[in-house]
């Protein structure tokens, strides 16, 4: 059996941050300006794997219940991937090194999803069996329905994606983290109109979206579907799901996330409020 290092080098040669959905240039798949996450942090982080020559990392996700994972719809759609073609890897410090892949029972994509730019970029994966919760594996807390995340809220995004636009995460593929500043939706919308011929009356950043990041810290291609979590009164709440953006850590182009609080009613049509 090849050593983990040999396997990692072989994977790197074929590792391209590809999502099964179109429009990849706008999808987020990496962490810019971050550092390796401590092994004891982010116990809800998961890696989504797509069947191929090997189970390839395509997106991030978050454990929100012992049997449910939250991710972006563009990771599994718009034509829903068969559950048999997807596996979930729970919190892993280095991709591919200690895989224990979990089968998926069903995939639920939001019915209003078409493209990330049009919103509703959210999906749920039901695992075949509930996982054992421990200090290393824990669901993240969803925010209350009226929870807002104003500028200045301490928020972090995590993932295994690109470290710069077009620069894949190198071996040993560590989980990365970066603190990102929240950008108010109105300001984010103004920034995204800069340099575009789109009229000011056309809303780019919609009410079901949330913006975070700047030219020094951002999510990138590979991080798609992963969690944006914010510390509120001592509790980590999942504010967003990594969705889309223009480039990575570009001026006036914050990362755009699906606003989790906006979709709580939809989430709880499937996911019990209590484990």
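Just so you know, the numbers here start at 1 and follow the chain as drawn.
Backbone N, Cα and C atoms are what each Cβ position is placed from, and that goes for glycine too.
Record features (Swiss-Prot):
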- 74: active site, charge relay system (ACT_SITE)
- 121: active site, charge relay system (ACT_SITE)
- 224: active site, charge relay system (ACT_SITE)
- 59-75: disulfide bond (DISULFID)
- 155-230: disulfide bond (DISULFID)
- 188-211: disulfide bond (DISULFID)
- 220-248: disulfide bond (DISULFID)
- 31-272: domain 'Peptidase S1' (DOMAIN)
- 132: N-linked glycosylation site (CARBOHYD)
- 1-20: signal peptide (SIGNAL)
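Annotated features taken from Swiss-Prot, shown on the structure.
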{"residue": "121", "record": "active site, charge relay system", "Cβ contacts under 8 Å, 6 or more apart": "72, 73, 74, 110, 113, 241, 243, 244, 258"}
{"residue": "132", "record": "N-linked glycosylation site", "Cβ contacts under 8 Å, 6 or more apart": "66"}
{"residue": "155", "record": "disulfide bond", "Cβ contacts under 8 Å, 6 or more apart": "149, 179, 180, 181, 182, 212, 228, 229, 230, 231, 239"}
{"residue": "188", "record": "disulfide bond", "Cβ contacts under 8 Å, 6 or more apart": "205, 211, 254, 256"}
- One should report the C-alpha separation between residue 75 (disulfide bond) and residue 248 (disulfide bond), rounded to whole angstrom, as 18
- Would you count the other CB atoms within 10 A of the CB of residue 74 (active site, charge relay system), including those on all shown protein chains? 31
- Note on the structure: Around the Cβ of residue 59 (disulfide bond), other Cβ atoms within 10 Å, all chains included, total 33
- Message: DSSP secondary structure for residue 121 (active site, charge relay system), reduced to helix/strand/coil, please.
- Response: coil
- Winner by Cβ contact number (other Cβ atoms within 10 Å) across the disulfide-bonded residues 75, 211, 230, 248: 75
- Task: Measure from the CA atom of residue 224 (active site, charge relay system) to the CA atom of residue 248 (disulfide bond) and give the result in Å, rounded to a whole number.
- Result: 12
